[in-house]
Amino acid sequence: MDIKKILVIGSGAIKVAEAAEFDYSGSQALKAFREEGIKTVLVNPNIATIQTSKFLADRVYFIPIQRQFLAEVIEQERPDAIACGFGGQTALSACVDLDEAGVLEKYGVRVVGTPVRGIKRALSRDLFQKAMREAGIPVPPSSPAKSPEEAIEIARYLGYPVVVRVSFNLGGAGAFVARSEEALKARIYKAFAQSAIGEVLVEKYLEGWKEIEFEVVRDAYDNVAAVVCMENIDPMGVHTGDSIVVAPCLTLTDEEYQTARNISIGVVRTIELIGEGNVQVAINYAGPEQYAIETNPRMSRSSALASKASGYPLAYIAAKLALGYRLDEVLNQVTRRTVASFEPALDYIVVKHPRWESDRFGVTEGLGPEMMSIGEAMGIGRTLEEAWQKAVRMIDIGEPGLVGGPMFQSLTLEEALKCIKDYVPYWPICAAKAIYLGVSVEEIYKINKVDKFFLNAIKRIVDVYKRLEAGEVDLDEAKVLGFSDWQIAKALGKSVDEIRAMRRRPVVKKIDTLAGEWPADTNYLYLTYGGQYDDKTPGVDYLVVGAGVFRIGVSVEFDWSTVTLATELKNRGYRVAILNYNPETVSTDWDIVDKLYFDEISVERVLDIVEKEGNGVTVVLYAGGQIGQRLYVPLEKVGVKIGGTRAKSIDMAEDRGKFSKLLDRLGIKQPPWLYAASVEEAVKLAEGLGFPVLLRPSYVLGGTYMAVAYNKEELINFLSKAAKVSGEYPVVISKFMPRGIEAEVDAVSDGVKIVATPIEHIEPPGVHSGDSTMVLPPRRLEEWAVKKMIDIAHTLAVELEVKGPLNVQFIVQDDVYVIEANLRVSRSMPLVSKATGVNYMSLVADVLTHGRLAVDEERITLKPSKWWVKSPQFSWARLRGAYPRLGPVMYSTGEVASNGSVFEEALLKSWLSATPNKIPSKTALIYTYDPHHEELLRQAAGLLSWRLEIYTPEQLGGKIAEMLKWRKIDIVMTAGITPEKDFHVRRTAADTNTPLVLDSTLAVELAKAFNWYYKNGKLEVAPW
């Protein structure tokens, strides 16, 4: 193919069902294209990604992934081709839109990889069904519908239960199971609202059938390889993104396996796939029937998992195939021994486990066909039990495995059985407790139809746990079944140190994709008790600890810092390893560092690795966010060499009591605060300070269980929950200052000098910094306040002997008040690095390797030359039953950013980059039931009334839901937390993809920016 320049479309902000796996696949594609000498142009407003760093793409555009912006990029750049398969559903839909609008034809841009007709055939439920039937590939009894009435008719014909699936959408958005006509009518409007083309498929629900998935690659010459077979432990009806998944497939007969493989290959041929795709197949547990359910003609969450599970670099190979290579011409870069037509063989088992945040959002529903999980982890072991228990620890919910943790201990039999029946998140822990209390595997199978093979694995774990509790010590058996030292110690009534001294050490094994069939030199490692000898690899100088499972508050920003820091160390000539277990990420890719340990981030595992690597290795804990903070004290205690800031400084900053005393000693102001060790004491102290008060437990991230209490009842209600987070630590009560401006400083220090960037938030204090709209350089803050913020950050860096990254948060009112300091990489460091043009991780690497910053001045303040705005991405539409709101708890799942020569331009481009935001053209619903926000929302309504028809709930009465459903309201602006009054309004807005603005200050700023745009303000399309 004669391609000189290619346009790659990213996936934008991280949201439920579209996460960091597209940073991984996009980064790999950019590398593969660059190897061929092709110039790459990337459009992706996700500032936190690695792919938007200078070293991967030739040009990067931080702009919304919408047709008018993409058309301008094409006009300016004139690419020869466009790659649609590496940015998830967002990129595919954008490509189809550009094609249908005639933009690609107008500029002569070719689609590389799967053709647009193939994409449509895969994503339209109607076209998919027709194509499969024509090709003789079995599909479930089903029919497409273009209206709710048609859907109801089809369901009557098929008979209940039915599952409704949505065309052209992401992660099963809007999909649901209906067991009656009433249930169908209640949710069908949301399904249509979630479809880009207003089409759904009504399908007979294959209850209890097995669901498996094949990752398949195909070249332009019709050569096909079925790379990995993955099996969902949960049966049909639970979205594959919310299922626990094992690879390879474990419960299929050879005949079932071959049939499913043939169906998958038939599907990709029918849609003319070129590159990589996945096919979901349903297998009847009671008979020979199998059906093709759906396909994704692109890299997906499953393909990221399959790549990491098999050591087969799917995204890299898919990019080469898109350029016209044959499978047998592409070398597998992991093994350097095999070509892409070689199907991997696995001599280990992987278990992928999702992580949910249902508590945070107040969601109580069980799992279904619409994906709701926020992150995922992948455990690797030589037994199913080992991999599974590892995966449960990795999702970091406080459980030490399938048995022995707080959830396991507290469940009653009744609760456990209900949890299994409803597929509540983490149901395998409930199954373990039910078995522990005497329920048989057969009974559990009858309730939830999970294959007995998997239930028996849980039973084996429970049996060993019972024997440990009875004092029978067989450490080897427990370790082979994935028990941690802590689990064993607790069951035996011994200390963790005693168990460590008693047990044998794990061995290091390589993932070589060949199951040892012939030698392959890979750097992709895991630790296991299912072996006797280590696979030998040369030692490293640094072990950089990654961010682990993604969750609210920990996302791709921390992967950016892990990878960027590791790369900077490698560029300085050091040998570097990364420890991480998140299959979505770039940090768990094979070609980033000298060694990848795909394993747990825990004291036990880090000590195992340090023993293997030798005492010369320096462990770096501050790049991955909060997960590393917990390891400082226990690792330093046993003499592990830790790079950068010392453990005592971390503890001083993390412990709110110690930190406050430090601020008092240094004469730095902070909002008045007090400690409470009990609820009664808290009530008394809060009344003394005067409501409202802010409540913060010690050691949290993402604002978990932080709250503003406006009265005594709210305070008591909150504290009963907060104890769940950190029972040993008291709660801090501080005076809440809602009138100030919240701001922060990102910095790097060597304990003497500091390089820093100030950031301002649009939303007031009380909105979590991760949910705030950030502005660089500060716009409302006066110069004295910015200077004082930098002074304070410098003073703290010197006092705490910071050797590395630092983030300090402030409220500026009549003076500058410090809220908190974090001695680690912050969520905003990718933003400040890209906005200022100075890579903060390069500065961190200087301090780590040489002990000092390579700058002359004591204090350097960096500010960008343009306006930059970072906006949060919320996933309210995904979280069934959640009440959309803002507060001190973080709710956003991702972020986007853009720049502009004026503030309004930067704000609008950034805000438009988050879905489902669009500039309103006709109508707006603007209201609040919270007196604190009335004045500002009145102002916003006044600013827009010349151009838009402004509604209030009182005017519309019972018509609101209908108007939202039929897209008669362009935007909803509201504020405050009043679910008893407006739950239905906000929920319907989220379900119908209506833009929601949930803060009054932001509403005013957006109203001004809309007016600027209405009066011919220009949204420039320019590369970074």
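Cβ atoms are placed via backbone N, Cα and C, with glycine included.
Owing to the predicted nature of the structure, the values given are computational and were not obtained by experimental measurement.
Per Swiss-Prot, the ATP 2 site holds Lys735, Glu742, Gly766, Val767, His768, Ser769, Gln809, Glu820; the candidate it also names there, chosen from Arg696, Arg852, Arg859, Arg878, is Arg696.
For the ATP 1 site, Swiss-Prot records Arg125, Arg165, Gly171, Gly172, Lys204, Leu206, Glu211, Gly237, Val238, His239, Glu294, and the single candidate of Gln258, Gln280 listed with them is Gln280. With respect to their backbone Cα atoms, Glu820 (Mn(2+) 3 binding site) and Gln280 (Mn(2+) 1 binding site) stand 47 Å from each other.
For Gln280 (Mn(2+) 1 binding site), the Cβ neighbour count at a 10 Å cut-off comes to 22, with all displayed protein chains included. For Gln809 (Mn(2+) 3 binding site), the nearest neighbour among the listed binding-site residues (Gln280, Glu294, Asn822), judged by C-alpha distance, is Asn822. For the region 'Oligomerization domain' (397-536), the DSSP counts in helix, strand and coil order read 71 helix, 10 strand, 59 coil. In this structure, the binding-site residues under consideration are Glu294, Glu820, and the one with the smallest number of other Cβ atoms within 10 Å of its Cβ is Glu820.
Taking Cβ-Cβ distances under 8 Å and a sequence gap of 6 or more within the same chain, the neighbours of Asn822 (Mg(2+) 4 binding site) are Ala653, Leu806, Asn807, Val808. Across the region 'Allosteric domain' (918-1024), DSSP classifies residues as 55 helix, 11 strand, 41 coil. Averaged across the region 'Carbamoyl phosphate synthetic domain' (536-917), the predicted model reaches a pLDDT of 93.
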